[in-house]
Amino acid sequence: MANMMIYLRDTYHMGAAAGQSVLFIYGAVASILPVFGAFLADSYCGRYRVILIGSVACLLGTILVWLTAMLPGAKPPACASACQSPTPSQLALLFCGFALLGIGEGGVRPCSIAFGADQFSQRKGPEKQKILQTYFNWYYASVGFSFMVGSTVIVAIQDHFGWKVGYAVPLALILLATILFVVASSLYINMKAEKSMFTGLLQVVFVSLKHRNLVLPPKTSNASYYHETDSKLTVPSDKLRFFNKACIIQNPTEQLNIDGSTSKPWNLCTVEQVEGLKSVMRVIPLWSSGIMVPLVLNQGFPVLQAKTMDRHIFSKFEIPAGSFGVFGILTLTVWSGSYDRFIVPVLEKITRRPRAFSLKQRMGIGIIISTVSTGVAAIVEAIRRRKAIEQGLADDMNGVVAMSAMWLVPQHCLSGLAEAFSVISQIEFYYTELPSSMASFGVAFWTLGAGLANLLGVLVLKIVTRTTGSNGRGWLSTNLNKGHYDYYYWVLTLMGVVDFFYFLVCSWAYGREGKNRMREEVGDEEEEEEESMQHS
């Protein structure tokens, strides 16, 4: 996707705002579908099967995108005196490829990181937590490395050998990845899928409203609440106590079977179901405050800016316009890979706290850095536009400004650092704050936020184009030299400032981290103590 903005502009003759809207919508679909992928993985199919289905969908989607480059009639003819718009059938083939890629990401993205974490399921206590923290950082570092290859090697192939070969290489890679994943099947630890998670959450809401007039029993009365016989949670927490009414046992003979299970799931819920809903509701405000970071990360305009700038490092070496995102990925990869080994020990000595920064603090730092990155982008674009006009390139959208494209590197590095702070900490936050049975849903929580961020991006684009004008007269003109992309970046900067103060309020309201998993870990320790006493 690194070069997709240029592919849409040069091959499908889309304007800058239209191309960015297409990428935003694709990003929204690819980010929202992981919620359904997580639902299938946690409740029905298991993570392995969902990852496999997602891999096959990615393979089929890549084939269709490759066919848009291979088949002459699958795209508009090259521009002569005028450029032809794509036909509905041509757009349908392209968008079907995007849709399958989105479905594939819906299976792979929420499950792969949680499926990897499942492989450490036999570890317990602080040792498990330490391993998971390291695993999350290295997982994201490896993903960053793959993006780095995509932004350099794949983009270079596309620029030098054309789109046919450029899309054939990712096709071969996803085919190889799918085969390797299947071959290694016997080595995996597969966690069994549980009952429908979303149905359980809806049951809690329904039963709580149904029993809204009930009086809550005393805190010390364990027998008044319904829980599974082997459950570690026997009493609901005091947070959001209204939902505790869903697990109150009113009449054991009518509500419970002989084996202790509930006879009416829509009349009595377990403590685990209640705590699951509470966990989701508690993280929603913090989750919503993280939307601005993916909105900044998903901007495709820097590719068009790089296309109009001097990209030479040496006289005979020119960096492809689609490869400048590698600087952000490189920053992300280096930071993620070195965070545990080198950075944390230094920060621990300075802050005198384990892990130096809490997850919420890292999320807040990510929002600040992403806001600074859009401010830097606005300043650089203002300078680029001014130089283009001074050099007589105002009407030449393909003219190269005598300004090094390396001026775009700081904003990419800041975006990568923002992603390293915000995204990794958010995924780890959801994984640790939500119940263990909702691990894939926790990862999908972040991708859902990224999807809404893309939809917000489409809305911002529509507001900007309708307010400032289109067809070469607005801020987001296809000719960057006639537009004002710097103003657009300042709008994103202002939105980031507002979002940071909103995050501070949500962080304060959330309170201390780790309460949910702490209760589970306490249950684990009590269970282990009981087993050791029985053994002795």
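Glycine too: its Cβ is placed from the backbone N, Cα and C atoms.
Those TrEMBL annotations? Automatic predictions, nothing curated.
What TrEMBL annotates here:
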type	residues	note
TRANSMEM	20-41	transmembrane segment
TRANSMEM	48-71	transmembrane segment
TRANSMEM	91-117	transmembrane segment
TRANSMEM	138-157	transmembrane segment
TRANSMEM	169-189	transmembrane segment
TRANSMEM	317-337	transmembrane segment
TRANSMEM	363-383	transmembrane segment
TRANSMEM	443-464	transmembrane segment
TRANSMEM	487-510	transmembrane segment
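Of the Cβ pairs linking the transmembrane segment (317-337) with the transmembrane segment (138-157) and spaced 6 or more residues apart, 3 or more are under 8 Å, so the two regions touch. Ranked by the number of CB pairs under 8 Å to the transmembrane segment (487-510), the listed stretches 20-41, 48-71, 443-464 are led by 443-464. Residues 286, 289-290, 292-293, 296-297, 302, 305, 357, 403, 407-408, 410-411, 414-415, 417-423, 425-426, 429, 485-487, 489-490, 492-493, 496-497, 499-500, 503-504, 507 of the same chain, all 6+ positions outside the transmembrane segment (363-383), place their C-beta atoms under 8 angstroms from a C-beta of that stretch.
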